[in-house]
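Enquirer: What TrEMBL records for 27-49, 61-79, 91-107, 119-142, 181-204, 224-246, 310-328, 348-369, 390-411, 423-443 is transmembrane segment. Per TrEMBL, domain 'Cation/H+ exchanger transmembrane' is recorded for 40-447.
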Amino acid sequence: MAKDSLNQFFAFLWKAKEDVAEEEDHMHVVAISLFVTLLCACIVLGHLLEENRWMNESITALLLGLVSGFIVLVTSKGASSRVLQFNEELFFIYLLPPIIFNAGFQVKKKQFFRNFVAIMLFGVVGVFISFAIITVGTRYLFPKLGLTGLQISDYLAIGTIFSATDSVCVLQVLNQDATPLLYSLVFGEGVVNDATSVVLFRAVQKFDFADFTALEALLILGNFLYLFLTSTLLGILTGLLSAYIIKTLYFGRHSTDREIAIMTLMAYLSYILAELFSLSGILTVFFCGIVMSHYTWHNVTERSRVTTKHAFASMSFIAETFIFLYVGMDALDIDKWKTTSTSASQSLGVVVILLVLVLVGRAAFVFPLSALSNRIHKSGVTNISFRQQIIIWWAGLMRGAVSIALAFNQFTISGDTKNPDHATAITSTIGVVLFSTVVFGMFSKPLIGWLIPVGHGTVSDSDEAPPSPKGGLFFRPDLQAPLLEDGNRRASFYDGVHFTIQGMGRTSSIQALLGAPASTIHHFWRSFDDSYMRPVFGGRGFVPIVPSSIEEEDHN
């Protein structure tokens, strides 16, 4: 009898467990259905509001997420708030990689590396300046508002959290062709800034600050440099490996699908390997994207180039929109707001302090480093005007999902926190992200329109970069001859694959294209690239064309 009762009890527990699992699966399906529906709505609304003076797709997605989160919260009476919770693993492992990779893959490399010094000044040195100002400011001001439970490691983490910018709103307004210098600086700094902030955040987390000394500060700097350099090197090596594999094996002979698949998988592999070795996946996948666009993309067939260009851009767009939706809905996760013990006025005070420190910290490095960059270059082509400096300053005021993800990493365990001060840090981060994205983002288009009127683009730096995924699939006729050809096009067949090999122009031809004498570093790099890298890894000038695909296209 007792045995039967025990069996019935275990059967009841098993049935209850199955019911809970089934309910969780149902909630996951509901959440996915909701987000896919909202993504479709964001795309439609973003298209309809394309010409709106105040709105853009990022703000639209964020507001739509807030509205949807509020509706879900009200209809479920708070019971479904877990559907809205921000998942750090989902963000870093699945959503961020396609965005950063596409940024590197689509970047105009000539503009990026021409302004490399300024980008690194803003994206690396600027992060350290902003980090110092925000850390010191919060350490001094937060206790005055009653936040006494934060440790030195928490303040250092806050410094890195609010040094991570989100320039998506401004980039959606800027025209890359009309203002290439400004776009390159804002875009390049945004990517390097996020990577630097994440690397610095991880460097800070590795140390015990119970007995902080100058030696600890040097160790943090050394660890940062190690992570920065090794992450970059891993991305370059992975990109080169993909170029060598595709150039050597000629996947296009049998299937363009394999070319696309190996490019996509190796790009993601670079990010996962960086995370596996505790490096910066952002830096790794960004430089992997640059290398792939320089070598790998030119080794695949024309059909694969069309597909990869639009596929990577589409994945990035969807992930970007999803993140803003996700942040908007997570802002109304009721559990975080219940845990904090600060009053409404104290919470508002914390948000205001953080916003002021972000404004000051941003100004403290943009204007001085712009002057330093102008002094280093001493060239009108790369000279940053005062109006452009204001736009660069404004572009870095927005905070986004990277800040929220780092805040969750520091102040929660598996997405939960029982510490009221930590909960306040989380809610304050959400408040800063919402305010900066919506308010600063809404004023981005009017501000840029006022500072750079239509027709007053930067003409001096408007020359085009060499062919890249961003610039399209075909060479411009006016650029093809001086850059790539010496007047002869030689055809050859190798192992059943037809190649068009274009001769490289003389140094004077390249200089004529650039509109100014090439720098010594650029000249040596081009010579090294043409003599050693491209014969091994392929790239522009060594483009495989599959005969069967040509015949099929001609037939169609």
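Just so you know, glycine gets a Cβ as well, placed from its N, Cα and C.
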Enquirer: Which sequence positions outside the transmembrane segment (61-79), separated from its termini by at least 6 residues, show Cβ-Cβ distances below 8 Å to it?
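Expert: Counting only partners 6 or more residues beyond its ends, the transmembrane segment (61-79) has Cβ contacts under 8 Å with 34, 38, 41-42, 45-46, 321, 324-334, 434, 437-438.
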Enquirer: What stretch in 91-107, 119-142, 181-204, 310-328 has the biggest tally of Cβ pairs under 8 Å against the transmembrane segment (27-49)?
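Expert: Ranking 91-107, 119-142, 181-204, 310-328 by Cβ pairs under 8 Å to the transmembrane segment (27-49) puts 310-328 first.
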Enquirer: Could you tell me whether the transmembrane segment (91-107) and the transmembrane segment (119-142) have 3+ CB pairs under 8 A, leaving out pairs under 6 positions apart?
Expert: no
Enquirer: Count the Cβ pairs between the transmembrane segment (348-369) and the transmembrane segment (423-443) that lie under 8 angstroms and are 6 or more residues apart in sequence, then report whether there are at least 3.
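Expert: Yes, the transmembrane segment (348-369) and the transmembrane segment (423-443) are in contact.
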Enquirer: Under 8 Å for C-beta pairs, could you tell me which stretch among 310-328, 390-411, 423-443 has the largest tally with the transmembrane segment (91-107)?
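Expert: Going through each listed stretch, the top one turns out to be 310-328.
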Enquirer: Looking at the stretches 181-204, 390-411, 423-443, which one shares the most CB pairs under 8 Å with the transmembrane segment (224-246)?
Expert: 181-204
Enquirer: Go through the chain and flag residues at least 6 beyond the ends of the transmembrane segment (181-204) whose CB is under 8 A from any CB in it; none is fine as an answer.
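Expert: Beyond its ends, the transmembrane segment (181-204) has Cβ neighbours at 100, 103-104, 107-108, 111-112, 114-116, 118-120, 122-124, 126-128, 131, 153, 156-157, 160-161, 163-168, 170-171, 174-175, 220, 223-224, 227-228, 231, 278, 280, 282-283, 286, 381-382, 384, 388, 391-392, 395-396, 402, 406, 409-410, 452, 458, 461.
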Enquirer: What parts of the chain pack near the transmembrane segment (423-443), using Cβ distances under 8 Å and only residues at least 6 beyond its ends?
Expert: 54-56, 58-59, 62-63, 66, 147, 150, 154, 158, 161-162, 166, 169, 324, 327-328, 330-331, 336-337, 339-342, 346-347, 350-351, 354-355, 358, 394, 397-401, 403-404, 407-408, 410-412, 417
